[in-house]
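The annotation compositional bias 'Basic and acidic residues' is assigned in TrEMBL to 1-11. According to TrEMBL, the feature disulfide bond maps to 244-265, 340-361. Sequence annotations record features per position, and here TrEMBL assigns domain 'Ig-like' to 84-194. Taken from TrEMBL, the feature domain 'Link' applies to 198-292, 295-388. The region 'Disordered' annotation in TrEMBL covers 1-44.
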């Protein structure tokens with residue numbers, strides 16, 4: 001008994017009509033050619049058909065699409081999702097803003113349902129939950145949660161359900177959802193509010209790897225920041241952040257960015273974001289990667305040989321406070337602050353910002369904020385950086 005070649009069996013499995021309908025190629029022509037074609041046939045290779053019946057090629061033309069559909073359904077391919085019936089897809093899914101600005105998240109209806117509500121919520125990556133912000137029925141709106149007092153509807157026209165956030169804060173960054181509830185089939189669109197900012201690594205005076213997740217989160221907030229997201233850390237890595245200590249991120253993972261691969265930093269593989277994966281938020285201890293954005297005030301340097309307490313007094317005399325680490329990074333990033341003098345900061349560390357690298361200002365070839373660590377608070381050897389609004 002002749003064994004059918006494997007490729008022919010595969011072809012039969014994938015294309016039920018292929019053996020009958022295929023007339024191209026030398027193997028197919030030999031296999032489908034009749035041993036004794038009728039003498040009355042005027043065209044070799046064509047099978048006579050009865051009048052009024054579909055030819056085999058025409059039959060396959062109708063059956064093949066059906067066969068492919070059944071085949072893909074058998075494989076479990078997902079059915080295409082229908083587009084929203086009422087909500088229009090946003091032109092831009094990422095909305096860029098800065099701290100203190102007013103941001104608008106667009107959500108527009110293509111048609112108005114007879115009865116509906118629009119529900120705005122924010123997805124919190126750290127807690128894996130959605131926080132309700134605002135609910136409206138088109139006429140009246142009610143705000144919820146800490147964002148509710150700063151959130152309102154734009155109401156540009158009767159089909160406008162866009163959300164306006166005033167006085168944008170660091171914690172406002174993230175993913176938002178506009179959900180239409182009409183009692184039949186709910187629809188939603190997702191948008192991301194992205195703040196322009198800077199990521200900085202942070203560790204306390206006690207040394208490296210002292211924070212659990214919640215302590216890292218609090219430490220960033222005390223330095224005018226918040227825990228960075230993975231997307232923010234990745235963006236900082238593309239802009240030149242190279243740091244060999246692992247730190248917590250907002251999602252609960254622990255990572256560190258490496259531009260120059262080296263043995264102490266995960267080996268000599270390719271550059272990238274090294275990951276420790278999800279860790280125990282209460283037990284495991286690492287540093288923190290914080291994120292901050294433009295501030296409403298400004299940072300300035302007061303020269304001198306001051307102790308930490310004298311630095312606080314010097315800033316108070318000028319109607320200011322000793323700057324936090326986040327203030328200094330924001331001034332370096334957005335105002336181009338360049339000062340080749342170490343100065344006290346509020347956490348007891350001594351740092352200085354460099355925009356134009358030079359040999360006697362830290363000795364590193366790239367711009368950044370240099371650190372002297374945490375000297376003794378009684379050491380009278382540095383000026384101070386003050387922050388004033």
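Please read every residue number as a count from 1 along the shown chain.
Glycine residues also receive a Cβ, built from the backbone N, Cα and C atoms like all the rest.
Unlike curated entries, TrEMBL annotations are predicted automatically.
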Using C-alpha atoms only, work out the spacing between residue 265 (disulfide bond) and residue 340 (disulfide bond) and round it to an integer in Å.
29
Residue 361 (disulfide bond) and residue 244 (disulfide bond), Cα-Cα, nearest whole angstrom:
22
Do you know which of the disulfide-bonded residues 244, 265, 340, 361 has the most other C-beta atoms within 10 angstroms of its C-beta?
265
